[in-house]
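For 1-15, the entry in Swiss-Prot reads signal peptide. Sequence annotations record features per position, and here Swiss-Prot assigns phosphoserine to Ser23, Ser24, Ser25, Ser28, Ser46, Ser71, Ser72, Ser73, Ser132, Ser147, Ser155 based on similarity to another entry.
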Amino acid sequence: MKLFIFTCLLAVALAKHKSEQQSSSEESVSISQEKFKDKNMDTISSEETICASLCKEATKNTPKMAFFSRSSSEEFADIHRENKKDQLYQKWMVPQYNPDFYQRPVVMSPWNQIYTRPYPIVLPTLGKEQISTIEDILKKTTAVESSSSSSTEKSTDVFIKKTKMDEVQKLIQSLLNIIHEYSQKAFWSQTLEDVDQYLKFVMPWNHYNTNADQVDASQERQA
């Protein structure tokens, strides 16, 4: 009898324990489901707020995006136009600015030719004395010609011809002497230097425009 009562009590205790476990497990499941639902609602609300903010920013930035797209298209058109210009310049070789002419002298070898620098030949001007002598010579020639034409006798013609030839030779010799004096005064270069002239393209931001000054022969000799 006691054994039967003990078994009944044990069975009732086990049944209560099982029911408590089931109820606790059901409560934990329901709590976890509620937490999951709360998390889902939070994520959905956060996603909705993010979408709303993005939509607002997109609506605000639509004119800016349109402006940027328009400016980018204009820049692309400008770049395309500049490329066409560059192609034309490369095709026709049109200089962008006035190039500088640079004369490069060719250096001669010293063992086969004397190196002399070419100078501009400046002939000296005639003075008053030289002009007066030339005028006197011309007057004498005209006087001799007039005297020879006026004479009629043969003997006088022969004598006049001889004197005329002598005077003409003297005039020629005097003119040659004057030319010789001026040729010694003038500077004549024995050999002319060969100058190769070519076109050199230089950039305007790294080149200073320098013009070659003309050298005066008289100043060079005085120095």
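Any Cβ shown, glycine's included, is placed from N, Cα and C.
Tertiary proximity for the signal peptide (1-15), restricted to same-chain residues at least six positions away from its ends with a CB under 8 Å from its CB atoms, involves no residues. Comparing Ser132 (phosphoserine) with Ser73 (phosphoserine), their Cα atoms are 86 Å apart once rounded. Taken residue by residue with DSSP, Ser132 (phosphoserine) is part of a helix. The number of other CB atoms found within 10 A of the CB of Ser73 (phosphoserine), across every protein chain shown, is 10. Using a 10 Å radius centred on the Cβ of Ser132 (phosphoserine) and all shown protein chains, the other Cβ atoms total 10.
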